[in-house]
Amino acid sequence: MTALKPLLITSGEPAGVGPEICATIAAGSLANTLNRPLVFLGDQRLLEERAQLTGASPGWKVIQDASQANSAGNYLIDIALQYPSRVGKPDTKNARYVLDLLDLACDECLTGVAAGIVTAPIQKSVISPLVPHFQGHTEYLAERCGQPGEVVMMLAGGGLKVALATTHVPLSDVPKVLNQVDLERTLRILLDALRKYWGRSAPHVLVTGLNPHAGESGTMGDEEIRIITPVLARLQAEGHLVSGPYPADTLFQPRFLKNADAVLAMYHDQGLPVLKYASFGEGVNISLGLPILRTSVDHGTALDLAGTGKANTGSLVSAIECAHQMDKHSRS
Ligand SMILES: NC(=O)C1=CN([C@@H]2O[C@H](COP(=O)(O)OP(=O)(O)OC[C@H]3O[C@@H](n4cnc5c(N)ncnc54)[C@H](O)[C@@H]3O)[C@@H](O)[C@H]2O)C=CC1
Ligand SMILES: NCC(=O)COP(=O)(O)O
């Protein structure tokens, strides 16, 4: 049987836990369990040094490009650091290195060599001097794919899927950036993805309000009346199962969630604390609406744990498994 296309795993911020959780996974049997090539991207010496600190012995074959990963197993594309990296001390001098990993992975997916990207965490503040207004992988990959702004961040874990109407914007800007056009596009991307990757023929999405008590009939904010309700009405008129806006503080109850496929929250800290409470360490961050498949961990660089061997690999394993399943599902 022909091997599945490889998944590319970017090892992320060199000072964080990314390199060691990648090396730990490459020391295990996940690639063989999935029967798929897993190609790790990063500086070979760095990853193997971090592996030593944590007691892992990654068994990878070093290759030049992903097309050489033609059978199940672990592979490494060695991309040199620009500057020596110290555990727990991110340095802007390695920002280009971090982006090189992403650029290569993205391009290998766009050309069809690889099935998808799984990203270990990056330190966003390190990239900002090189890429002004850098927000994260999600927005960066959308730009690289030639569709800036046309992407949705969704986290999945603990039986929940929570997508976001806005991502990494200051809280004070959320009401300014929320608008009907973007919200409608976000919902359409989310509905399409639930059909394409999770096989939901008629996905049901619950949508939160922005304000306390979903605005309390306009007395505590009017974004529900001006922006959210008209968008929901348009989609409902087309037959889509979207409902809301619901007060976010009481929406996340089993009796409301049991018939829903996903929740759309209006901003980062409205939706993600619930998700992370339910599943931190096993959750997956998924970029929807891109021409490539991309999943990621639910955690950050954990600089306090880097090099200690205490970082949990659960979320990276979940992200790899999720990308594997999404790829298989979208092809079936
Ligand atoms: N996908 C990505 O690239 C993400 C990147 N980040 C970035 O990471 C940096 C640090 O963010 P923080 O808010 O401090 O969040 P963080 O997730 O790095 O750390 C929060 C807490 O969770 C713990 N933790 C994180 N990962 C863990 C793991 N694998 N095992 C056990 N414990 C773990 C940390 O030790 C810390 O106590 C920031 O620059 C942020 O932007 C944050 C989230 C996702
Ligand atoms: N809170 C999620 C997060 O920070 C991950 O962002 P991204 O790098 O996946 O865009």
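Positions of Cβ are set from backbone N, Cα and C atoms, glycine also.
When secondary structure is read from DSSP and collapsed to three states, Arg294 (substrate binding site) falls in the strand class. Note: Arg294 (substrate binding site) has non-local neighbours Cys109, Gly116, Ile117, Val118, Thr119, His137, Leu141, Ile286, Ser287, Ala323, i.e. same-chain residues 6+ apart with C-beta under 8 A of its own C-beta. Here TrEMBL flags His137, Thr138, Lys276, Asn285, Arg294 as substrate binding site.
Residues annotated as divalent metal cation binding site in TrEMBL: His168, His213, His268. Sequence-distant neighbours of His168 (divalent metal cation binding site): residues of the same chain at least 6 apart with a C-beta under 8 Å from its C-beta are Lys124, Gln135, Gly136, Glu139, His268.
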Hey, how far is His213 (divalent metal cation binding site) from Lys276 (substrate binding site), Cα to Cα, in Å?
23
Helix, strand or coil for Asn285 (substrate binding site)? Use DSSP.
strand
Across all chains shown, how many C-beta atoms besides its own are within 10 angstroms of the C-beta of Thr138 (substrate binding site)?
23
Within 10 Å of its Cβ, which one of these binding-site residues (His137, His268) has the largest number of other Cβ atoms?
His137
